[in-house]
């Protein structure tokens, strides 16, 4: 990134609509590398650093020169990108060609380029003279999307902007694919990756490190947001290596069925969804069912003496005594004395959402826009509510998050408990969450951090003095109380194999984290930095941000104010051109956010420049919608 741009800002105000200094500095680098040099870039910016806005600002600049195709994983993230495109346009302050920008979900992109599962090679000519931006680049390999990207790269010889950060689930393999896509050379994976008998023994070898440094030199942008303006995190439970874990000791009932499932069904325990299920809750014979349709067809079937299922509805005293789930027993007991909103991560597997719904209802918590809980708990005269988000939930997710994140819900009075499967681990932002729970151990510690990052991020909290509580729950045997202080104590398989599933999973993640951190440090070391005057293509965007910052603190100045002129000439060296720019923003009534007047427009009044507050007003039912083509980014769902 161009550190010379960062040096232009002093005490940058982040609380207004803004482009952050590191985003502008990165934008300069992307323009120079991708547009000027026609080289691909890996934008490896850790979660919460604003990768999406950087990518969209770059797309707006690039649209003046080429077609830009943006590829996102699914419909939900496509909606986020379309919304953020509007934000980026409002901050852009320069010309762009909206018709040259196309946003695709992977499914629509597949349909566009495949006929009967075969790539339509003749149609790929549409991507000549294009730039591809790929969001969540670590997720596109090993499937048709990754195959198609490789074909387009080889056939069309175009540059890619790959967006990634955390998590890279299987780091060495994924990184190998990224190198292959970004470079002009074909990669022999056998030469750069060493493999042992286990997944945790997959490593980038020394030749791989050298290949990475040689082929991606000058093509990496690494950034991690400083840990400031965030609440402190309070981890609960006993010390476990460098974190804390809550041991939830299983009842005899849960432990018995847990062991039956482990013996009968689990051949690759680390990746077996049955173990995810029984570590969260056991359901007797239903533990062995992997089909929800079968599950919902059972009528008045007794699972345990105090638990039955009828057409997909669980009922019985066991949902309150909770011998079926040590994790939910801890959770239900703990939340009774806690204030604020909760975010609870779980793996849906087969029956996770089903168990959660009926445990919550049976213990007095009501379903948001659904069934009321038994003897409902109340807040401000209204029932305490929960919602469950899974991959099947699409159309109503944005509306649900609007309610959850609204200022009126800061105390959880509208929606207190948000349960989510992995669909929420990336891209979404949650606000004012005071309690984060892990009912399932995530697949990687990067994913663990990503889930935390949905909530614990800049601008998500009004009061950062109050801590955020994190509970990582592990189902353990009734007599298990091991202190886990060093990975070196668990290097032998026979010692690991006897451990509870959740503890094994945590150790597995920690072993993987070593390799992940090693690769991250290499990427950080390779990140390109320089100090140059801003690229001509971003000058107006940069000046717009400098003007916004200046008029946040200045409500009224003389037209020939020396400080304003000095700021503009730090970018536009010619004083006459700088004065012309000031004339343009004043006569064009540039939009700013002022600390006194809030949303304002610049005006000339006598010999002064003043900030004039404004408010949009309208008569009921007289909204006008502008359908002019140039204002609409072309996208495919």
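Cβ from N, Cα, C; glycine included.
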**Study point:** motif 'DEXH box' range according to Swiss-Prot, out of 135-138, 139-142, 143-146
**Key:** 135-138
**Study point:** For residue 50 (ATP binding site), the number of other Cβ atoms found within 10 Å of its own Cβ
**Key:** 18
**Study point:** For residue 49 (ATP binding site), the number of other Cβ atoms found within 10 Å of its own Cβ
**Key:** 23
Study note, to complete from the structure: Around the Cβ of residue 46 (ATP binding site), other Cβ atoms found within 10 Å total 19
